[in-house]
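Asks: Straight out of TrEMBL:
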DOMAIN    391-490  domain 'SbsA Ig-like'
DOMAIN    504-568  domain 'GH29D-like beta-sandwich'
DOMAIN    574-678  domain 'SbsA Ig-like'
Amino acid sequence: MTILNRNKIPLILLLINLFAILVTISNVSADSTVYVNATVGSDFNPGTSDLPYLTIDKGISSVDENGTVQIADGIYSGDGNTNLTISKNMTITGQSQDKTIINGTGTNWIFNVSNDVNFTIQNLTIINGTSYNGGAIDNQGTLNAENCTFDSNNAVNYGGAIYNRGTINLNDCIFTGNAAYEGSAVYNDQGSSTLSSCILTGNTADAAGAIYSYRSSTNITSSTFNNNTATYGGAIYNTEGSCTLHFNHIVGNTADYGNDIYCGSGSKLNAEYNWWGSNDDPSVKVIGAKVSKWLVLTVNSISTLIKGNEVSNIIADLLHDNTGIYQDPASGHIPDGINIVFGTTLGTIDNPVSLVNGTAQSTLKAGSTSGVATVSAAADSQTSYTLVNVDATSPTVTIIDPSNNTKTNITPQVITVTFSEPIQAGSAYDGISVTGPSGTFPITKNIIGSTLTLTLDSSCIDGNYSINIPINALKDLAGNSLASVFTSTFNLDTMAPKANASIKTGSYNVTKTITLNMNESGTIYYTTNGTTPTTTSKIYTAPLIIKSTTTLKFMAVDKAGNKSPVYTEKYTIDKTAPKVTLTTPKNGATGVSRTATITIKFSENIKSSLNWSKIYIKNMNTGQIVFISKSISGNKLSIKMTYKRYPSKWYQVYIPAKAVKDSAGNNLAAGYIFKFKTGKY
C-alpha cells in the first residue's frame, strides 16, 4: 500500500478544485451558443465548437433561453435529430443551407414548436418529414425560417412541410416536392403567415398546391409559385381569411378549379401587382375573386434611332401594371433571376439577361444594314416588342436650287438644298460657304426638316457661283454625316441676248433662204404668220425658206432664260405658192364615211412635187400609217385608202411641204394637217 506524502495532499485538492471550476466556466460559456456535429460530435461533450454534441436534441436541451444551436454540415436523422419539441425561445443555424440536412426518412416529423415560443431556423435543408399535420414542422408559437429548404415532406392531412397555428415568418426559403391533403407547403390554420422571397415549386395537394390559408392572415411578397398542382387552387387556397400577394411570380400552376388561386366563402384576396406569366388578365386563373391590376412585360429602347454599327440599350421590365402605371421597385418588385430572352430582326442582341429589381437590360448592336429592327423580349409565355430604326446610310442631296451646272437669270436671294432625309447641324456646320465673282458671300443658314436654306446677305452680280458643304457640316438624325464634300455651281446671267436675220426686210422675186443667229448659246423662237413669238412657238433649227410674202418675227432666249427683243422682218415674194382652201371632210369632222375618198382643194392647179411620197394618213388611235393611193385632178388632190377605215376612230391627214406644187413650180410652202373621226358604219 502506497502512502501519500502529507505535504502533497493540499496540492492535489487544489488542482481538483481548479479543474472543477474550469469545467463549470466552460459549461456556462457554451450554454448561450452550443454546437452540434453529426460526424465528430458526442452528446457527452460540453457542446463547444471544438467538442460539439452529436445530436440536435442535446443541443436544444442544453442551450440557454434565446440561445443559438450551431449545426455543422452533415445529415441528421433518427433519434435525437427528429421528433424534436421546441419549448423555449432559440435559434438553430446550419453551417450551409444545402449541406446541413435534417432527414425525417419518411417516418418522423422534425420540429414541434410550443405555444408562446419564438423559434428561428436558418440555413437548413429539411427533407422527408412525415406526420398527420405538419410533415416537417407543427408550429403553435412563432416560427422564423430564413434560407431554408423544405423538400419531399408529407402530411396525411394538413401542411406537407409546415402546419401553422401561430405565426410564421419565412424569408428566402424553398419548398419543393412537398405533399399533403391540403396545403402541401404551408397550412395556415387561424394563424398568421408572412412569406418573402420564397420559392414554392413542384408541390402537390388536393387543395392548395402550395399554401392553404384558413381563417388566417397571409401576406406573400416577391415569391415564386411555379408548377404546383392541386384539384382546388394550384398555388393557393384561401377561405374565411385574408390573403395579400404583391410582386410575386405566379406561373405554371395547375388545378381543376383555379389554376393559381381558389378563394372560398368569406375570404378576401388582394393579389395586385403580381407577374402571372403573360400580359393577359389573370382573373381566369383565379376562382372566387377578381384581379384588377397586374404587372406586364414592357420593353423599350433608350435610342429609337441609331446609325449603322452603333448600339442601343434595350430595357425590359416588370415594373408597369396593366394600366401603364410605373411601380417603383423600392416599394417592392418581383423576384430577381427571371430570365428575359431578347431577340431582334436586325443586328444582334445579348441574351438571356436576368431581371434584377424588376429590370433587365441588353444591348442591341446594329449592323451596316438600314431598316427597322423589331426587338423582342420574352418571359414565360409573353413576348413584347419595341422598334429601333437603324440608319446606316448617309444623307444625300436630292434637289438644289439653283440647279448644279446651270445658268439662271434670276438673282437668288436664297439657295435651297434638299436632302434625302431630315438633317441637323454637324461639327463643321460653320464651314458651309458660298463663293461668287467677288469672293465669299456672307450667308445665313437654316435647317427645317430635310431642307437647308442659305440666305445671301448681299446682292449678286453676274458670274459663276459655288456652294460648298463639308463632310461633317451636316448629319442625319441618326448621326450619319455626308459621305463626301458636296459642291454645286451655277452661273448668274442677267444680260439679254441679241439676234439677227441674214436677209433684211425687202421685196424679192425669188425664193429666199433666211438664216437666224444669236450672239450666245440659246434658242431662237419664231413665227412666219405675223404673230408675236413665245417660248411655245417654233424653234429655229435650220435656215428658213421664204417662198411667198411673209412676215417673220423671232426672238432669242439664252441659257439663263434672258429674252431678246422681238425682231420683225417682212419679205414680199411675187411668186405665190399653192394653198389648201378646202378639205373634205373638214378638219375635226365626225361621223365621216369609212370608205369615201378624201379630197383637198388648193388655191390653184397642182401636181406632185418633192415630198409627194410623204403624204400619209395615220390612225391616231393606233399611231399606224395606213395604205393609200393618191391622184390629182386640177386643183384637187384625192386620197383613197386601200382598206376600209375602222369605225369611230380619229384619222390624221398629213400633206408635207413640197408635196405638191403649182404649174409654175412653187411648192406647197408648209405642211398641212387635218383630222376627222369616222362613223360607226
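Glycine is no exception: its Cβ is also placed from the backbone N, Cα and C atoms.
TrEMBL labels come from automatic prediction, so no person has curated them.
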Asks: Residue counts in helix (H, G, I), strand (E, B) and coil for the domain 'GH29D-like beta-sandwich' (504-568), per DSSP?
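Replies: Residue counts for the domain 'GH29D-like beta-sandwich' (504-568) by secondary structure: 0 helix, 33 strand, 32 coil.
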Asks: Summarise the domain 'SbsA Ig-like' (391-490) as counts of helix, strand and coil residues per DSSP.
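Replies: Helix, strand and coil residues of the domain 'SbsA Ig-like' (391-490) number 6 helix, 52 strand, 42 coil.
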Asks: For the domain 'SbsA Ig-like' (574-678), what does DSSP give as the number of helix, strand and coil residues?
Replies: 3 helix, 52 strand, 50 coil
Asks: Please give the average pLDDT for the domain 'SbsA Ig-like' (574-678) in this predicted model.
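Replies: That region's mean pLDDT is 94.
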